[in-house]
């Protein structure tokens, strides 16, 4: 109790215990009172006693929030794009779709890469979960879930299992069997149980634990083998839509974003909400860590993506444009963190220069909302899943340095074949 | 659980911000000075006032938002799809054409934000009017809808028919041009809100998302937690922005040569050239690594440990220094932390026997305070009981062994031996697609290893099928 700091404006006799102590100025029933910290604690412990109302608590919370923003602003001495002025600007990017994965009969809601850099798992509205070898575009496994709107899917780090869930409020793990005759659904393991839809799931560093986020406003960590709840995370006041694990050395934190416009950073071990950011104007659809783990980006329904720094404890960049009207449903960084890929509800993918804050490319091609964008683990390509029931693996097309005739010819032909792939 | 996509509260909230933005743009498009020039457009024999061409719209968007033609066309399409602009020539086809096809702005009365969700009653009246006008010759799907509605709201059918007749009578008293315009407006509205089967449903949304106050109880408990959280946050140490932001610049610069999207990769990007040499050369078990890969180990200790090859090399180095037990201990702790819950007690016991017992074969040097704490915790082993000890050893390796490894001959020789791959030879006919070879599924590889592992008797900690590296 006594290690809490508070602002003491006056020192004098407490209204309650009459001892001479530093006093906190609080209001009860619109009347200012001066209690010492001990008496305030005692009063708080009695719950809503002595005229305290939800309203007073709410006001107190808001005042603290405002003070927090003030403190955060004090150390903000420079903007990101100012720091980035000395870097060379990126030229125009040409992106081409190199693979189109067709096979889902309905909206693709989520996708994830395997660590072998070429396989992908995707889930759709009709309950189908498909594992593809994106390089050859072959389908390797398919499972039909007993529910519709499978909004979350994840590939296990070992590549031996996939996890998925959605409107069934559960997260199930399917070990991938190579026996063609075996029904994958037979070995299904039901791991997580929430009281509302599952919005996102992710394996931690091994196949043995899964982190889930749900429409019931909580996130949870589960043990896959036993289905036991290891830790639960409460703090959001509305649906949690997305989560992402930090690539840090100690591997102990993750960030989540939800419909309460908040992005929260959690400690996995204690279940505590370590940091909280609330500057978006609408639901946060997606959160992703910057590769170094010092920051994270969010995509929201307010048509902006924002970058939050964990050490500066504030928002440091906004990526928005007047012509972008619809919300960003999914974001991901390139390997170096210089580019931010964001899929939007207006069927496009915008690529942002993270440091300068400008847009470097816009991709058309999808015929409905882009629901999921992920860069491959080795950073060679990015895959986008859309409500038009296709997945597209796209790359950046660069013209080679040398300018001899053969190279020019080669590049031109590749560009044209690229166009053919892209339109399909 | 049912999806209630027509819930007024839920979906309106989700779409509202987009609709407000679109409406703002539409209003500025109609601004008399800065907006689009409206003229009279001729439609067959009648002249429609206040119309514009598709090309006008696109041009205005390009100028206003400084974007390309393609993007302007795309945005224009969205306006038409959401019913803010409707076509006059081919009213059933809600697309934007960049030529002199005439378009008009929809009345605010019919905007998505004001008249949404479209009510069944209104639709019934609309169809009834059409039915009367066309004397029963409705389009197939409209006929179906009409019959379905007739069944569903039969009790108000008299009212529907009466309203339809009234509205038709009132419209006959208007000028022909006005009549056509009103008809087009209404038709556009219904095309958006009751799209014919097979066309894109622009107002299709996902499952309902509830907002605040419905999921989590905003009671005293909740606010007290918030207050507590805010107080702790206030006391947090913050770093100046300039320092934080500089670190991003440095990070991006350092990793740029390793980012294939930024700088390409050698020999080539497999997705473009259909040549998987890049993946083969960087796999775990390759004999000679690439220079970029070895260089990356020097960026941070985590990079070295994340790469299985790097870890092996580091272990070799530590063996020379007689401190290999540190890395083994760290790996064993990782195994405990990320492994199955049921195996924790036995794993922790193993760790204790091998690394922590005084006089153990692979005793690790931890400071006495941490050792005491760990031994205390071992009495009731849980997932995180070895965390402090693991952290201590990790930082020991990071501060001491790791920098020395980077300066060692072992590392330098490996770096010298490492190869820079040749750029893939470009074939003259790149459109002849090369054969795309499939690769063995990771599930197969690990299945085989598991079978192998069961046969062998492992007495040291190898990473099992459960844990995997981050690369």
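Backbone N, Cα and C define each Cβ position, glycine as well.
Note that the structure is a prediction, hence the values are computed from the model and not measured.
Annotated in TrEMBL:
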type	residues	note
DOMAIN	B:32-107	domain 'DEP'
DOMAIN	B:223-286	domain 'G protein gamma'
DOMAIN	B:300-415	domain 'RGS'
REGION	B:430-471	region 'Disordered'
COMPBIAS	B:456-465	compositional bias 'Low complexity'
Within the domain 'G protein gamma' (B:223-286), residues counted as helix, strand or coil by DSSP: 43 helix, 0 strand, 21 coil
Composition by DSSP (helix, strand, coil) of residues within the domain 'RGS' (B:300-415): 89 helix, 0 strand, 27 coil
Within the predicted model, mean pLDDT of the domain 'G protein gamma' (B:223-286): 88
Tally of DSSP helical, extended and coil residues in the domain 'DEP' (B:32-107): 25 helix, 20 strand, 31 coil
